[in-house]
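Undergrad: One structure follows; several queries about it will come next.
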Amino acid sequence: MATIHVDGKEYEVNGADNLLEACLSLGLDIPYFCWHPALGSVGACRQCAVKQYQNAEDTRGRLVMSCMTPASDGTFISIDDEEAKQFRESVVEWLMTNHPHDCPVCEEGGNCHLQDMTVMTGHSFRRYRFTKRTHRNQDLGPFISHEMNRCIACYRCVRYYKDYADGTDLGVYGAHDNVYFGRPEDGTLESEFSGNLVEICPTGVFTDKTHSERYNRKWDMQFAPSICQQCSIGCNISPGERYGELRRIENRYNGTVNHYFLCDRGRFGYGYVNLKDRPRQPVQRRGDDFITLNAEQAMQGAADILRQSKKVIGIGSPRASVESNFALRELVGEENFYTGIAHGEQERLQLALKVLREGGIYTPALREIESYDAVLVLGEDVTQTGARVALAVRQAVKGKAREMAAAQKVADWQIAAILNIGQRAKHPLFVTNVDDTRLDDIAAWTYRAPVEDQARLGFAIAHALDNSAPAVDGIEPELQSKIDVIVQALAGAKKPLIISGTNAGSLEVIQAAANVAKALKGRGADVGITMIARSVNSMGLGIMGGGSLEEALTELETGRADAVVVLENDLHRHASATRVNAALAKAPLVMVVDHQRTAIMENAHLVLSAASFAESDGTVINNEGRAQRFFQVYDPAYYDSKTVMLESWRWLHSLHSTLLSREVDWTQLDHVIDAVVAKIPELAGIKDAAPDATFRIRGQKLAREPHRYSGRTAMRANISVHEPRQPQDIDTMFTFSMEGNNQPTAHRSQVPFAWAPGWNSPQAWNKFQDEVGGKLRFGDPGVRLFETSENGLDYFTSVPARFQPQDGKWRIAPYYHLFGSDELSQRAPVFQCRMPQPYIKLNPADAAKLGVNAGTRVSFSYDGNTVTLPVEIAEGLTAGQVGLPMGMSGIAPVLAGAHLEDLKEAQQ
């Protein structure tokens, strides 16, 4: 710690910080542009000037840039010094000479750091009367709009895109006051994290194009704290709504998880919530048609049919909340509850959970991954299956430069010096996968092989680290030399990290990862292990347990069950569509509860229209076992009284109560959570994931809307001039209104949107943190359900045999895509142009045997259908395998590991 003196007052601060960080952490306001907590200091904009004095007696002082000055013990500075204030105002005036007067039409208006800093410096009159510099804007793809005339040359965008996210297609061109930030030519930004430019940019150069189509100001949107639903990582988000539509998603700061950044799937993939074909009222089949029901009719009709059924089973979902899956389990009984996950995937999920809970190895939070100094990724294409983890891995690799700089006593915020010292130095990263990955550019070595051979590599590494681990026979000398390099790197690391998961389709890969981690722990390393699952609540469903989807289908096929309730699950993704359809056709009652229109609704007798994450509350559990709560953003029935969309748990509990002819006793979310805790002790921690509905701050609920929210009385004027009462939230501590507490100093960690007096942009998160870039002042949201066990597991011994190609047979190797493999975000219209066209990847040798080239169309039979796809040649794919894009174009993820036998060139 250090003692600094600011405008005559004494403060204790972190001596490792610079003065700008220290003052912002104290709650003092200093304007800045080029500095960002995640990017460090370069002193480019000169906006954060303060007056520094030699001692208490010095009255003259000198101007210094606070972002480039250490917060040393005994420092005396003044923020309010007149010369410093005039200098800061003049800097803004210089920046404004070429900045357009377009705040009223700029999409950044009201959410703009430049506006905030201009007001903060007191600059209110422009003296520049000459021609402004102008630029041509670029088309940067479907996600981001580009308006270069608003640029103030702070360099944040390229520092984030190139230095932080390792992007290669955005740069700065030109010189002096005529610089251009963009691509060499028009085209879609290639980085999976390009959307963060929207929040990194302090002006309106980069804005959210998906928001442009249905634009409104930040102060006119309704927000709620939420969790990204598009993968298992559980990033915190702030969805914004207006007129019953999601308009945009912003990053919600969580110092333990995603801190300042999201991936593009999480930021832009929300379009499925706004689809017009979503079920909005319950419907029941009458012959070949469906009739619309109200809620009471739906409950009575379903109850009447279920009473006549001899056995009702329930099929849950890894994309449904803990509460909804539990409500289904209560409806049908624990013994009749099935997870809706394929048997193989469920085995892998249970193994991953076993490793995390009983393996004795620490599981780091997402942000902690950045602190590891050697990383081994076994089997996961992390950028496609858990993209935000990939960004954290990139920071871990860069830690070598910080380590070298620290040895020379260079502060962690001196980013330019760190980059100069580090040059190309990296901590070691080793990646195994069936083919190329997006992390290969920073990897020390990439091993491209079938999953058996990847697992064998992992087992061999574990044995080399600890000879009591099972040995692997038949390792080639060339591969052994690579294993020796990996072992040396992992053994020499202080904090090695092993990453694996369920998406490779191999139990042995997960076992090998666990063995490597155990071997490293035995050598005294502070080792971590991260498992990546498939869906937002895969871990929660795994903890809850239940039978596999195949077992559920068998119950229907044999007639032992004659009614089935399917919860938020497109079963065609987890099993053969032919088998699913045949099994459902045998059931007298098929009830579907979902917020998306799926193929299995064609087999449904009753459809209950569920609420999506934006219209409901619930709990999900991420890949590290962290329970996190998402909250309802808006009530769709407020805008259309005919809409009947309820949380899935509400539908299911209401049906359960109707069946038993009793009053509904789960009248609010807390009642469901209490029931979960009582029945499933392993999930007891979810009660602490967020405060209950009685939580108040000075007697107030928390506001979902900014206090400047406008137009509420006119929203429904086209329907009726009589304004209805605002929706009443009985489930949470939030209110559907601007009336409520929204102060940054209030004792809360569930924050709907970032705003503080004088801070309207995302930089307002500074006001919610215990120190800038640290944790939220009153704790980061969420709670870990399990910590590192004391004992640990024995070594796994099932070393697989080497992969052997078979004549006339090809095994399907899974290829995942950030844009397209996820069940929900692939429905977003904006993603359609980012999704790759369907393909089949072939090794060059296999292509030669078949007599086909790139672009040739080949066909194969699957599930009673003939599938025809164009060939792509994959040099890294081992012969005897074919690569298919999982989750796209009818290619269900369950296909991973299956075999094709009739692959041939398609008839023209």
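All positions are counted from 1 along the displayed chain.
In case you wondered, yes, glycine gets a Cβ from its N, Cα and C as well.
Small disclaimer: the values here were computed from a predicted structure and weren't measured.
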Undergrad: If I go by Swiss-Prot, which of Cys201, Cys263 binds [4Fe-4S] cluster 3 at the same site as Cys228, Cys231, Cys235?
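TA: That [4Fe-4S] cluster 3 site, as Swiss-Prot gives it, pairs Cys228, Cys231, Cys235 with Cys263.
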Undergrad: In Swiss-Prot, the [2Fe-2S] cluster site includes Cys34, Cys45, Cys48. Which of Cys67, Cys103 does it also list there?
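TA: Looking through Cys67, Cys103, the residue Swiss-Prot assigns to the [2Fe-2S] cluster site is Cys67.
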Undergrad: Who sits close to Cys235 ([4Fe-4S] cluster 3 binding site): which same-chain residues at least 6 apart have their Cβ under 8 Å from its Cβ?
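TA: Long-range Cβ contacts: Ile227, Cys228, Asn251, Asn254, Val257, Asn258, Leu262, Cys263, Gly266, Leu366, Arg388.
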Undergrad: Let me make sure I understand the structure: which of the binding-site residues listed (Cys45, Cys67, Cys103, Cys154) has the fewest other Cβ atoms within 10 A of its Cβ?
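TA: Candidates: the binding-site residues Cys45, Cys67, Cys103, Cys154. Fewest Cβ atoms within 10 Å: Cys103.
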Undergrad: Centre the Cβ atoms of His99, Cys103, Cys106, Cys112, go out 8 Å, and tell me which other residues of that chain have a Cβ in range of the [4Fe-4S] cluster 1 site.
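TA: Surrounding the site, in chain order, are Pro100, Asp102, Glu108, Gly109, Leu114, Gln115, Arg150, Thr203, Gly204.
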Undergrad: For His99 ([4Fe-4S] cluster 1 binding site), just count the other CB atoms lying within 10 A of its CB, please.
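TA: Excluding its own Cβ, His99 ([4Fe-4S] cluster 1 binding site) sees 21 Cβ atoms within 10 Å.
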Undergrad: Count up the helix, strand and coil residues in the domain '4Fe-4S Mo/W bis-MGD-type' (221-277) according to DSSP, in that order.
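TA: Tallied per class, the domain '4Fe-4S Mo/W bis-MGD-type' (221-277) gives 11 helix, 18 strand, 28 coil.
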Undergrad: Using C-alpha atoms only, work out the spacing between Cys106 ([4Fe-4S] cluster 1 binding site) and Cys151 ([4Fe-4S] cluster 2 binding site) and round it to an integer in Å.
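TA: Answer for this pair: 13 Å between alpha carbons.
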Undergrad: In the same chain, which residues outside the set Cys228, Cys231, Cys235, Cys263 have their CB within 8 A of the centroid of the CB atoms that define the [4Fe-4S] cluster 3 site?
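TA: Once Cys228, Cys231, Cys235, Cys263 are set aside, the remaining close residues are Gln230, Ile233, Gly234, Ile237, Asn258, Leu262, Arg265, Gly266, Gly386, Ala387, Arg388.
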Undergrad: Which chain neighbours of the [2Fe-2S] cluster site, leaving out Cys34, Cys45, Cys48, Cys67, have a Cβ atom within 8 Å of the mean position of the site's Cβ atoms?
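TA: Going along the sequence, the neighbours come out as Leu20, Tyr32, Phe33, Trp35, Ser41, Val42, Gly43, Ala44, Arg46, Gln47, Met65, Ser66, Met68, Cys154.
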